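Record features (TrEMBL):
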REPEAT    5-35  repeat 'PPR'
REPEAT    37-67  repeat 'PPR'
REPEAT    68-102  repeat 'PPR'
REPEAT    130-164  repeat 'PPR'
REPEAT    192-222  repeat 'PPR'
REPEAT    223-258  repeat 'PPR'
REPEAT    327-361  repeat 'PPR'
REPEAT    464-498  repeat 'PPR'
Amino acid sequence: MPERDVVTWTTLISGYIKLGLIVEARSLFDRVDAIKDVVTWTAMLSGYVRLRRIQEAERLFEVMPVKNVVSWNTMIDGYGKNREVDKAIEVFERMHERNVVSWNAVIAALVQCGRVEEARRRFDEMPKRDVISWTTMVMGLARSGRVDEARKVFDRMPERNVVSWNAMVTGYAKNMRLDEAFDLFERMPERNLSSWNTMITGFIQNGELARARKVFNEMPEKNVVSWTTMITGYVQKGESESALKVFVEMMKDGGAKPNEGTFVNVLGACSDLAGLGEGQQVHMLISKSVHQDTTFVASALLNMYSKCGELSIARKIFDEVVIGQRDLVLWNSMIAAYAHHGCGMEAIELFEDMQGLGFKPNDVSYVGLLNACSHAGLVDEGLDYFDEFGRDNSIQLREDHHACLVDLCGRAGRLKEAYDYIKQLGTKASSSIWGGLLAGCNAHGDMEIGQMAAKELEKDDPENAGTYLLLSNIYASGRKWREASRVRLKMKEKGLKKQPGCSWIEVGNRVHVFLARDKSHYQSNLIYSLVHDIHAEMKKAGHVPNNDFVVEEDFSSTQLTKAS
């Protein structure tokens, strides 16, 4: 160009900034022949703010020869987004001239940091407000649980846009006031995708899955957030088959491509159902997408293959992720996979490799490792790791860790040790911890500790049928038929029944479901015949089943009389 003016320089510098090429933009900006005005300086400032490089923005702002209201507002916004709200207020107070954007920026900064009372005071001081001012205040009050105050502000608004309505609907939904949220949603003059997604999310977060599905079905259009929210809701509710059906609908619809969250939740559904075929199909879709290299998706794939019994494929997926890209989530997933399959030594070896490569284990790492030691009977190793974990002050012991230790000792028959440990916990001992001890007592026939564990469980969860069944089995294993009968009678009086065990298998694209003692399957005679043959083979091999631990549901006084 034979001639360049300030507009030319500003245009080119802004172009680099918009593409995120801040170094190139600054290089042009600093040239000796550069022609700059306040717009150029503000564009450079805005580039640093957008990239959250707040210290560089701060240095540039302080040396600006001339500042306009846009420059000041940009700096306030930058501090607010970096949660440096006191600096945002300081800049606001230094301004000679403020507009509504200046006020909105400082109120938004206060709301983001939860300083709602200060935000409200500033809002009341505003000489002039726009729809953004009102909406920010509604959002801040609702987010802090002051939803009735938010509604009063909302009702006073001179004008509202779709964002204002969404803010109020979200406020009601997040504060578990779904009927008011839905009433407002129905009255909205216009709705956007965010409005519909907000309502679906609200219903799902409050356990109203059927209502969420109804709203979802009525949506005029859906994006990836809509589909993923609905899939997630079904997975969280344990309705994994419905989650997969929604995913199939999504793929047929074709209006939205699955994202990382979609794939992670769909793979979770496949894991819950042990649906290897479905999981493999999802894996094929992932391999053709940009999400195949993300660690969260790799972790979900690993977990799915592990739960479907394909441990070698799970390890292959783990190994294919470049070491530099493996995060703690992926390491923890592989350790948990080994624990799930009872491969204790492999889990320990992987844990040691992880530490050797500089990864610091977290609380989840130790849960997986302790479970692996427990399932493989590696009691001493598990206790050593528990001691190591206890000495690490940066990690807090959780209920899961206490339960793992009790399970570890219980499986190995070290029940007194487990009981003494629980007593040290005092009120921290939960029903899952006592349940682990009771299961250990059942496995090893320890009547004395089993009675104490059952007593604690009954206090905590008196309606749990499993507690009574385990205690009854412990009595039966010690030939205490009268006590076993008394426990069963108490269970019957309370109207408690244990849910029957359920399993399923997929053969030839058909899922076959079985309940305990189920004879409804069209091939049940053949199945029971084969089971009988397997039992016979097991006996020949020297296995003696211990029927003392199994007490039938119809345990009766006749049996008690015979035993006496």
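Heads up, the Cβ atoms here are built off N, Cα and C, so glycines get one too.
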Next on the checklist: Cβ under 8 Å, sequence separation of at least 6 from the ends of the repeat 'PPR' (192-222): give me the contacting residues as numbers and ranges.
Outcome noted: 162-163, 165-166, 169-170, 172-174, 176, 178, 181-182, 185, 229-230, 232-234, 236-237, 239, 253, 255-256
Next on the checklist: Pairs of Cβ atoms less than 8 Å apart decide it: which stretch in 5-35, 130-164, 327-361 has the most with the repeat 'PPR' (68-102)?
Outcome noted: 130-164
Item to check | For the repeat 'PPR' (192-222), the mean pLDDT of the predicted model | outcome: 92
